[in-house]
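Asker: Can you keep this structure in mind? I'll have questions shortly.
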Amino acid sequence: MMTEKLNSGHTNLTSKGIINDLQIAGNTSDDMGWKSKLKLPPKDNRFKTTDVTDTRGNEFEEFCLKRELLMGIFEKGWERPSPIQEAAIPIALSGKDVLARAKNGTGKTGAYCIPVLEQIDPTKDYIQALVMVPTRELALQTSQICIELAKHLDIRVMVTTGGTILKDDILRIYQKVQLIIATPGRILDLMDKKVADMSHCRILVLDEADKLLSLDFQGMLDHVILKLPKDPQILLFSATFPLTVKNFMEKHLREPYEINLMEELTLKGVTQYYAFVQERQKVHCLNTLFSKLQINQSIIFCNSTQRVELLAKKITELGYCCYYIHAKMAQAHRNRVFHDFRQGLCRNLVCSDLFTRGIDVQAVNVVINFDFPRMAETYLHRIGRSGRFGHLGIAINLITYEDRFDLHRIEKELGTEIKPIPKVIDPALYVANVGASVGDTCNNSDLNNSANEEGNVSK
């Protein structure tokens, strides 16, 4: 009888063990199989520089993120964390304040979007996090990234900027959003009108913090912080750290974890050139560059809104597809241009410095400073529109006699090398799949033989 009971017990134990083993095997299979069901974008096989590949080898799974968030990350095409993501995500997830310096185009947006989305509770119908950015275009871009990352999470994301109808924003914010991406003026307006209830907002992100703390937004961030709960978690990201950022840090951040990945300021994948030209030769030089370079997409910078429109008209007259964008345009028009250029509907975009902050168009491989900037910071952000996320690109500066001192000063301030444009620009420096013929190389002699071409753009 005892033997039968023991055998019966053994049989039950064995059966339970088999069932447990099968359940574990099923769970393991499920753990391994969810990735195979993802709708992944085509793999990006382009060469990447150490700006984004010099990591410790961590995987996104090691951050213990929700599976739904991981699904969004992988379906976005992000395979492994970049250095700034690897450094910032685990610290931000711990609840500490973060002060992060990293180059443009190395994954800063993901470095704060991922921990913010992970910490939001989808079951709570109130604003839990606020991301502030300096421009409307950057707000739209950031909100789109958050929406894509959160596609499998039940998190409601809202973008609010100036230039749009305030009534529409008020109606949307009453639909119980949990994450807001905003420009300073508009979110302050919503707070002052008692529409945006920030009493439960525990996370504040400041992207492009040096710009947010400039004279353009003087004092706005202090007003925003006054309307948040006491001691919110602050994640502060910037490529440059002027005195205003340091003062803000000392005033509002609590023992922040400092990350500095700025051993050098310029992206390793961007090769910089200059060409000495007369003002009246610039359009002809631009025409030469268009005809000789293998341009995927290009951004051409001018120093004033008037020159932006005039140059865009000249380029169109030369027979090239060209959009333009600047701060004085209607917001709806700006949104359309920004969207269509990102979709690749036009190869060339002429713009003012509106387009220098954080804007990510990965197809851009050529940046041209039609007008050379006066400030090193502006130059740094302009050329950072090419060579995004470790890819290759070139920056070409058209330098007049009056620009020569600014050229040498900026080169010295940034600790970088801006080379004279060579007789031949090697396509391997900026073309993903090099298949260049002789006609695809750019001759500096062509640039210098432009004295007979007027092509003048009035100031």
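Placed from the backbone N, Cα and C atoms, the Cβ positions cover glycine too.
Relevant sequence annotations retrieved from Swiss-Prot are reproduced here:
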BINDING   Ala102, Lys103, Asn104, Gly105, Thr106, Gly107, Lys108, Thr109  ATP binding site
DOMAIN    89-259  domain 'Helicase ATP-binding'
DOMAIN    269-429  domain 'Helicase C-terminal'
MOD_RES   Ser8  phosphoserine
MOD_RES   Ser29  phosphoserine
MOD_RES   Ser450  phosphoserine
REGION    1-267  region 'RecA-like domain 1'
REGION    264-431  region 'Gyf binding'
REGION    432-459  region 'RecA-like domain 2'
MOTIF     58-86  motif 'Q motif'
MOTIF     207-210  motif 'DEAD box'
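Explain the structural surroundings of these features, please.
Answerer: When secondary structure is read from DSSP and collapsed to three states, Thr106 (ATP binding site) falls in the coil class. Other Cβ atoms within 10 Å of the Cβ of Thr106 (ATP binding site), summed over all protein chains shown, number 23.
Summarising model confidence by region, the domain 'Helicase C-terminal' (269-429) averages a pLDDT of 89.
As a summary of secondary structure, the motif 'Q motif' (58-86) carries 17 helix, 0 strand, 12 coil according to DSSP.
Here the motif 'DEAD box' (207-210) has long-range neighbours at 108-109, 112, 131-134, 138, 142, 236-242, 244-245, 248, 357-358, 377, meaning same-chain residues at least 6 beyond its ends whose C-beta is under 8 angstroms from one of its own.
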Asker: Just how many other Cβ atoms lie inside 10 Å of the Cβ on Thr109 (ATP binding site)?
Answerer: 24
